[in-house]
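Per Swiss-Prot, the features are:
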type	residues	note
ACT_SITE	Cys67	active site
ACT_SITE	Glu116	active site
BINDING	His25, His32, His69, Glu114, Glu116	Mn(2+) binding site
BINDING	Cys67, Glu87	Mg(2+) binding site
DOMAIN	30-164	domain 'Nudix hydrolase'
Amino acid sequence: MQTEHVILLNAQGVPTGTLEKYAAHTADTRLHLAFSSWLFNAKGQLLVTRRALSKKAWPGVWTNSVCGHPQLGESNEDAVIRRCRYELGVEITPPESIYPDFRYRATDPNGIVENEVCPVFAARTTSALQINDDEVMDYQWCDLADVLRGIDATPWAFSPWMVMQATNREARIRLSAFTQLK
């Protein structure tokens, strides 16, 4: 995969430039554009993934299915599709927006900061997973209700962005729609 960049943003969310992804994530990470996605299978189960230990931020942490950064000129939806193929080896249904104005800042235990305008999407797949070990060290298909109970009881066991997304009332309602079989 070619070198990825992040799209830097000003406080109003207007693009101001780009920076190489690895170099962008530091103790002083500038605001940038990202996305987060929640992937459901044909049984209505959610895919939760454990980030590879080689990840710069939050290595080894359980999180939602796929996260990433759209590239210059790429839509968020196309970025979700690209990263699902790269990280999970799957084709997905067109991503649906479930929390379009999500924005957060969080610092991991090693001092690396995430500072993102991060629209949240959900999609479905019927493909068998082909996990990229450079991105994902473990995964589990789970009932959404069980995951939400786990987040409510032990938020420290999950990525902060997953917790913030899952505790948003409207996002929970929209995620629940993906548990219905189609």
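Yeah, the Cβs are placed from backbone N, Cα and C, and that goes for glycine too.
The two recorded residues, His69 (Mn(2+) binding site) and Glu116 (active site), have Cα atoms 10 Å apart.
The shortest Cα-Cα distance between His25 (Mn(2+) binding site) and any of the recorded positions Cys67, Glu87, Glu116 is the one to Glu116. Cβ environment of Glu87 (Mg(2+) binding site): Thr49, Val66, Gly68, Ile131, Asn132, Glu135, Val136 lie under 8 Å away, each six or more residues apart in the same chain.
Take the mean position of the Cβ atoms of His25, His32, His69, Glu114, Glu116, the recorded Mn(2+) site; other residues of that chain with a Cβ within 8 Å of it are Val6, Lys21, Ala24, Thr29, Leu33, Ala34, Asn115, Cys118.
For the domain 'Nudix hydrolase' (30-164), the mean pLDDT of the prediction comes to 97. For the recorded positions Glu114, Glu116, the greatest number of Cβ atoms within 10 Å around a candidate Cβ is found at Glu116. Spatially close to Cys67 (active site) yet at least six residues away along the chain are Ala34, Phe35, Ser36, Ser37, Arg83, Cys118, Trp161, judged by Cβ distances under 8 angstroms. Look at the Cβ of each of the binding-site residues His25, His32, His69 and count the other Cβ atoms within 10 Å; the largest number goes with His32.
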